[in-house]
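S.K.: Below, the features straight out of TrEMBL:
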type	residues	note
ACT_SITE	H306	active site, proton acceptor
BINDING	H349, E355, H388	Fe cation binding site
BINDING	Y364, H388	homogentisate binding site
DOMAIN	13-293	domain 'Homogentisate 1,2-dioxygenase N-terminal'
DOMAIN	295-451	domain 'Homogentisate 1,2-dioxygenase C-terminal'
Amino acid sequence: MPVTEFATKELYKYQNGFNNHLESEAIQGALPIGHNSPQKPPYGLYAEKLSGTAFTAPRHENKQTWLYRILPSCAHPPYQPSPESRAAQEGADTSKLRFIPNQLRWDPFDHNEARDLDFVSGMRLVAGAGDPTMKQGIGMLVYAAGKSMDEKSAFYSADGDLLIVPQEGDLNIRTEFGWLLVRPMEICVIPRGVKYQVQLSGPARGYALELYQGHFNLPELGPIGSNGLANARDFQAPVAHFSEDYGATASEGSNSFDITVKLNNTLFHTRQAHTPFDVVGWQGNYYPYKYDLGRFNTIGTISYDHPDPSIFTVLSAPSGVPGTAVADFVIFPPRWLVGEDTFRPPWYHRNTMSEFMGLICGGYDAKKGGAGGFVPGGASLHNVMSGHGPDADSHEGARNASLAPVKVGAGSCAFMFESCLMVGVTEWGLRTCKKVQEGYSEESWGGVKTHWAKPAGKEVRSHLAE
Ligand SMILES: O=C(O)Cc1cc(O)ccc1O
Ligand SMILES: [Fe+2]
């Protein structure tokens, strides 16, 4: 069968909105009307249901999509452990995570060595919490790739929903649902189980957060009101797009498609005779989507004090505890600082939540940039209750700064994966990558100096006062 591609219109055309029930047909009439699973779906298609929650999940949380495709996904030879992808699994064993109270920072992760790697083989688990087999916890990953995935390949993760944060290089992502173009300063979420293929236009590097439990949502807005932060209409889902490459039966096709699956952070592989990108129409509320971070409506103080960074939350994945996230995706976009009589950078703090940070571009206030600093493509981890805050020089600068309105972060965007879980570091993240900055803590805070000025003539309650 010749390979032919059909799109509704252009490749990159989107449907807007968050958490909507959407539908898309690459050929008009591909979706059955008034039925999900008629005896014979239109055009000889198979109906296949993709569930993102238990069938019985409450209605407001229930996620599923009906796919109408040329052949069903089950038609494939058995998966085998993936030998050529062993590198990707090295040091990714979640049962061997190292939980460390020290502040950690990484130099930018390598991309020169990634020339022969694609998005899947170039992905590494840096840190995480919990266990994908229990559907509990999260994974923090980085990827570095120098080549596109093969046109006859696809990947899916059974472990969770993957939020991808490109830092360098555009990702042309072909999914079962259609195409997404995701560039630096944009993000996307690929739900658990959705097959995709990542094509590059140049070297690519970035970060990813995998949710072993639940799904991302927009944060509550409370007294902010009905608009602000990430607005629902700015999230974009693909339109159906399919290719024809199949035989009369599922095993008779002329071409072999490599399918790789990540299950329990282990890669498996099979070759099937038909393309997985054969979905002619789909309808449901479980689908991949993208978001342009430049559209974030940033909110901050217009009076005094530094607010909690929760005002910068783009997406939030809830734990069972109200208001407490298994993972918040938070950004630090360009913004005006106008706080009066205020120490404007982040305060010194110890947090019951863990904070994994990365930098997409530019710099981050209160952290030194340049070699050995917090730079694009690098990362930091401040675990549960690990003290952190501005480095000594930034502190001195900020406590003496004149407090005129100032725009910070022009051309910059840092982000944080903040979690209620204690985060452990993998063997790859701690040693194999060779990017951990040994002197981070001492260089940042070793020089923090005392400003203690004991007042004279006041009663003192101190054991030194006797
Ligand atoms: O530690 C960090 O840099 C992230 C952060 C930023 C901020 O403005 C307030 C708290 C916080 O943890
Ligand atoms: Fe912090």
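Glycine too: its Cβ is placed from the backbone N, Cα and C atoms.
Just so you know, TrEMBL annotations are computer predictions that nobody has curated.
Model, not experiment: these values are computed from the prediction.
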S.K.: Which recorded positions among H306, E355, Y364 have CB under 6 Å of ligand 2?
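M.R.: By the Cβ criterion, which requires under 6 Å to ligand 2, the hits are E355.
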S.K.: Does DSSP put H388 (Fe cation binding site) in a helix, in a strand, or in coil?
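M.R.: Its secondary structure by DSSP: strand.
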S.K.: Starting from the Cβ centroid of H349, E355, H388, the recorded Fe cation site, name every other residue in that chain with its Cβ within 8 Å, sequence order please.
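M.R.: Other same-chain residues with Cβ inside the cutoff are P346, R350, N351, H382, S386, G387, G389.
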S.K.: Find the one among the binding-site residues H349, E355, Y364, H388 whose C-alpha lies closest to that of the residue listed as 'active site, proton acceptor'.
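M.R.: Out of the listed candidates, the nearest Cα belongs to H349.
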S.K.: Same-chain residues six or more away whose CB lies under 8 A from the CB of H388 (Fe cation binding site)?
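M.R.: Set apart from H388 (Fe cation binding site) by at least 6 residues yet with Cβ under 8 Å, we have Q103, Y348, H349, R350, E355, H382, S444.
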S.K.: Please average pLDDT over the domain 'Homogentisate 1,2-dioxygenase C-terminal' (295-451) for the predicted structure.
M.R.: 97
S.K.: Including all protein chains displayed, how many Cβ atoms other than that of H349 (Fe cation binding site) lie within 10 Å of its Cβ?
M.R.: 13
S.K.: Once the DSSP letters are reduced so that anything not helix or strand counts as coil, what is E355 (Fe cation binding site)?
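M.R.: Its secondary structure by DSSP: strand.
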S.K.: Using a 10 Å radius around its CB, how many other CB atoms surround E355 (Fe cation binding site)?
M.R.: 22
S.K.: Based on DSSP, name the secondary structure state of H349 (Fe cation binding site): helix, strand or coil.
M.R.: strand
S.K.: Counting across all protein chains present, how many other Cβ atoms fall within 10 Å of the Cβ of Y364 (homogentisate binding site)?
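M.R.: Counting Cβ neighbours of Y364 (homogentisate binding site) within 10 Å gives 25.
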